[in-house]
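Trainee: Handing you a structure now.
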Number of protein chains: 4
Amino acid sequence: MKKKILLSGFEAFGGLSTNPTMDIIARTRDWELPNVELHTIILPVVYDECADLLIKEIDKHNPDVVISLGVAVGRAAITPERIGINIQDTAGEGKSGDNRGFHPKDKPIDETGPVGLFSTLPIRKITEDLLEKGIPAQISNSAGTYICNNTLYSILHYIKRNELSIKAGFIHVPASPEMVTNKPQLPSMSIELQTEAVKTIIESIVQ
Amino acid sequence: MKKKILLSGFEAFGGLSTNPTMDIIARTRDWELPNVELHTIILPVVYDECADLLIKEIDKHNPDVVISLGVAVGRAAITPERIGINIQDTAGEGKSGDNRGFHPKDKPIDETGPVGLFSTLPIRKITEDLLEKGIPAQISNSAGTYICNNTLYSILHYIKRNELSIKAGFIHVPASPEMVTNKPQLPSMSIELQTEAVKTIIESIVQ
Amino acid sequence: MKKKILLSGFEAFGGLSTNPTMDIIARTRDWELPNVELHTIILPVVYDECADLLIKEIDKHNPDVVISLGVAVGRAAITPERIGINIQDTAGEGKSGDNRGFHPKDKPIDETGPVGLFSTLPIRKITEDLLEKGIPAQISNSAGTYICNNTLYSILHYIKRNELSIKAGFIHVPASPEMVTNKPQLPSMSIELQTEAVKTIIESIVQ
Amino acid sequence: MKKKILLSGFEAFGGLSTNPTMDIIARTRDWELPNVELHTIILPVVYDECADLLIKEIDKHNPDVVISLGVAVGRAAITPERIGINIQDTAGEGKSGDNRGFHPKDKPIDETGPVGLFSTLPIRKITEDLLEKGIPAQISNSAGTYICNNTLYSILHYIKRNELSIKAGFIHVPASPEMVTNKPQLPSMSIELQTEAVKTIIESIVQ
């Protein structure tokens, strides 16, 4: 039987016109994954909406696995996240808030939620499978305190609260080359290699 | 009434003969903090012992506040940690295990413990007070998965399990200049400034 | 009339089995550049031989342009070099010497040569053309003091001494993804994008 | 007989109110160096004036040694420069020009001057003496293409053209901690350690 996978990316932010995760998702149309039924969605970079929209898709498709993708400018490798934490914070990072201008500081995502929730994706296997293919990868122990962490924590919390058997997690990808042409000291990864990485991750999970 | 503060550092590791946190603690003797009763201890870089020894000191002194210091080679600023997570992992970081050669991989610290526990130190106020003094500082969202995180998580868990009213947390400091003379691209901070930072942190907590 | 271009890469070094510049040169076979007669060569990572072999090829083909490629592990962008300097030095960089074990320290390449020689490639135009294509690029003001600088300086010196009208210069490329899988914090660039960059550079020069 | 040393720093730039090299020079008053007659000067961050003013001081004092200090934000170690190059360039580095708004691009400092000139300070001995004292240090092969390189090249050229027997060179120092409090990922070095480093450099040269 086919595995149902829900794959999310994010819309552009920070004054850019695109986001590498949008480009990756656009290319999933070309994939042939015989054992996978793939659903995709692009989420808004808005604290209050990103998780809600993803949860709607979960309710609609009832997937086996949810993989959320986000870009981490400054990172050089594909980084499966280990943990989502119960905090929203854009202070002290020179960040200008989300795409609605919301600018939280040391604020819990859920006042009554647990401090942290572990990704339920096989992050070690994913990382090893990526490295075997020659794709730089490393487990990350912090998804930050911005929209990416917010999405990760919220989804894991929703699944836990509702005792669903869905596996879920978050994968950070590097900037695309286009994003760093005016900051040429920053690392990047081509969309082709990022796309291959995401395909590898899905195969790693399905196997 | 004086506040009782227990301040811990770590012994040397990684083939080095000292650790900046040892040097900082050696200099606390010169401090005059009228409202503080300061106790200090140097912990072993051993997963199984670091927290136990600190817990013994907690039981002995019954402090109001526990501040653990550790060095984070590669960081340029004083970084109060936000969270300790329930994991021991030395894989994929080129690390050689602890000072006893123990080399865990994706192992829970406590099979039945929560995923994460937040520092109960006033990390935002500490960071702002350091910056006001011109000392580089930033809240960190990951204490790693090595001895430092192990100590932070274990102490917070002990305090929570036993319903103690002790505030506790972990502060990472940069390498000392001596540690990076053979890797001159790595950031460092002089022991004098690190010591001033730790004194500032204590004043920030006591106020 | 076709422009004759001599393009050089380097053999593997540092215990690796390949070098991205070898991979780029292997892919030039697929190029269709109507106005270019392209010759390629792989040079040894040996101070005493790298330039001599390239000079032999210059004498043999009498090219209009010589472009030497080398890898700069740690750089994230394509970096056309501005200058070659009259020094061989492997001290203080943790380098183990060349592929013959030669380990010079603050040694002139040519006791009677000038201190520095500027690349005669249009490095500003090249950089701007790469950026326009979305490929991270930046002029570099130091080719180091290792084999790459040695090749750059020696070729420029040979051309100057012999009053040849050949344009010549050096382009550093980032590590390939495969080279950094065990150091996932280091930047890399896919061979596909590196190859596109080198093709863009040739077009930029020929135009 | 005493050695006459001329030590220069720079005024503030980039919207800052001070420059670590000003602070170092302010502290030279406290030094006791029995074999040294020390003269100091603060130079303007202006392409057209920085070297001229330093040359006036050379003519006035006829020193044995000229040491110019400048700050290199982003570097973690004391870096004696090996070479000055005949170029003024502020393009592609996000720089806003000098303190007069002059914004050169790939412009020679001196149309008829040599491409490069080596520092005549004992940069290897200086580096080794700093490291021996536990101060991070490394020879740098590029002083950039901004005011610092402009000063280095111009002074070396002046000394060479006039066949003076003065030793001269440039030392880059890291940012001070105060300069990076709002960019806590950038390395810094305390003014105390920077001052000790400069004193060590003078002793290294005088010996």
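A Cβ is built for glycine as well, from the same backbone N, Cα and C atoms used for every other residue.
From TrEMBL, here are the annotated features:
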{"type": "REGION", "residues": "D:88-109", "note": "region 'Disordered'"}
{"type": "COMPBIAS", "residues": "D:95-109", "note": "compositional bias 'Basic and acidic residues'"}
{"type": "ACT_SITE", "residues": "D:Cys148", "note": "active site"}
Trainee: Using a Cβ-Cβ cut-off of under 8 Å, list the residues of the same chain that are 6+ residues beyond the ends of the compositional bias 'Basic and acidic residues' (D:95-109) and lie near it.
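Mentor: 11, 13-14, 44-48, 86-89, 146-147, 150, 153-154, 157.
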Trainee: Taking only same-chain residues 6+ apart in sequence, whose CB is under 8 Å from that of the residue listed as 'active site', what do you get?
Mentor: D:Phe10, D:Ser68, D:Gly70, D:Ala72, D:Glu81, D:Phe170, D:His172
Trainee: Any idea what DSSP makes of D:Cys148 (active site), helix, strand or coil?
Mentor: helix
Trainee: For the compositional bias 'Basic and acidic residues' (D:95-109), how many residues does DSSP put in helix, in strand and in coil?
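Mentor: Here the numbers are 0 helix, 1 strand, 14 coil.
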